Ligand code: TYD
Ligand code: MG
């Protein structure tokens, strides 16, 4: 039988070539031709579908499937992010910057699960078992029944896991693992993918829940956690500003629960402690009414969270004024500035703009638009908003304010924390007796007029 030949395919137009060339003859694109591995043709002479495979059992959607049983970690914040507890046979990726506290979190979780009666194996590819034990001592977990191993060879790890059949296996980190069947260095895209693939198939096959740690990397030498996101059931990111003690565990994908849920932790001298009421924490060091500071009533997943949006506007000495953002999207800030200029006639030309979300929190919600606009205006006009006011609403490019979801929940949280007024888009579903006075705004010009006078 003829050997399948390697083909060269243009990634721009899809044309195939017999040999590599710098420029594609078909579309004229430069540097777009890449080598493509030949497709396997299977056993010689037999096409697919020729009644040689096994028949797959089919069922329909009406087949009853019991809800997956879950194990509680006894850590409310972690359970919430997992969608209500750990699902057996699931694969979870925990990503985050180096040093943010992933190993600490997972060691605490491992001890918690072990205390609840699960068999837990913690495999560290980065630290020696003595180091892990030292950390456990510091966390007050030295007497827990977690089984430890320091190993990076995946073949040995899988052999051990097969024999031990734990309920939960933690692999810290997937970038240190290597397979002898893959021909590249540990940490490369193909090694990381192969390791994650082996571990997730092991999880499905044996019913062991697997948690993988993945470091977010800055340079391209080492594959980041993104390359395995599609293989796992749940993707969690552990984030926070290095200088702050708050850490936020956020689910960005979850096959067993809502995504975008957050768990809030505080890094202390004795490990991570849970923060049950994050709003109180994020607002705790708020001073007197100050220009540029606005409280945003946000929703993270299913939970309302109040955070402080801070803006500073100052005359610029640069020809291109500075736009600096921490905790929010820079592109979205440019958009808000443009809408303020085009729809309300308020320009930030020649002014440096700094925007910060207090407490190291990161906001992705469009509902924060109005709070950001309010903070920018308040800083520019040097006029503080009343101290007991929260703001939320999405801004459209036309300058109209769009209603946002869960307005009731936002107001309830605001009332709980002692706020008495809310500025919100007209058209939000709000019942009369929410306990908070709501000022409804149709659009940006009316907001500017009512809150800041004529501007
Ligand atoms: P670590 O869990 O090792 O981070 P990662 O695994 O994400 O790389 O956390 C390291 C940081 O946490 C380190 O800077 C020290 C700090 N830390 C504490 O502040 N308190 C503690 O009890 C522990 C164990 C760590
Ligand atoms: Mg670590």
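All residue numbers here begin at 1 and follow the chain in the order shown.
Every residue gets a Cβ built from N, Cα and C, even glycine.
Lifted from TrEMBL, the feature list:
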DOMAIN    67-216  domain 'RecA family profile 1'
BINDING   96, 97, 98, 99, 100, 101, 102, 103  ATP binding site
MOTIF     253-257  motif 'RadA KNRFG motif'
REGION    352-455  region 'Lon-protease-like'
Long-range Cβ environment of residue 97 (ATP binding site), under 8 Å and at least 6 residues apart: 215, 216, 239, 242
Whole-number mean of pLDDT values that fall within the region 'Lon-protease-like' (352-455): 90
Residues among the binding-site residues 97, 98, 99, 101, 103 that border ligand 2 - Cβ under 6 angstroms, in sequence order: 103
Contacting binding-site residues, sequence order - 97, 98, 99 vs ligand 1, Cβ under 6 Å: 98, 99
Intrachain C-beta neighbours of residue 99 (ATP binding site), sequence separation six or more, cut-off 8 angstroms: 242
Protein Cβ atoms within 10 Å of residue 96 (ATP binding site), excluding its own: 22
Lowest local Cβ density (other Cβ within 10 Å) among binding-site residues: 98, 101: 98
Sequence-distant neighbours of residue 102 (ATP binding site) in its chain (C-beta under 8 A, six or more apart): 94, 95, 96, 172, 173, 213, 215, 238
Protein Cβ atoms within 10 Å of residue 103 (ATP binding site), excluding its own: 22
Protein Cβ atoms within 10 Å of residue 100 (ATP binding site), excluding its own: 21
Non-site residues, in chain order, whose CB comes within 8 A of the mean position of the CB atoms of 96, 97, 98, 99, 100, 101, 102, 103 at ATP: 215, 238
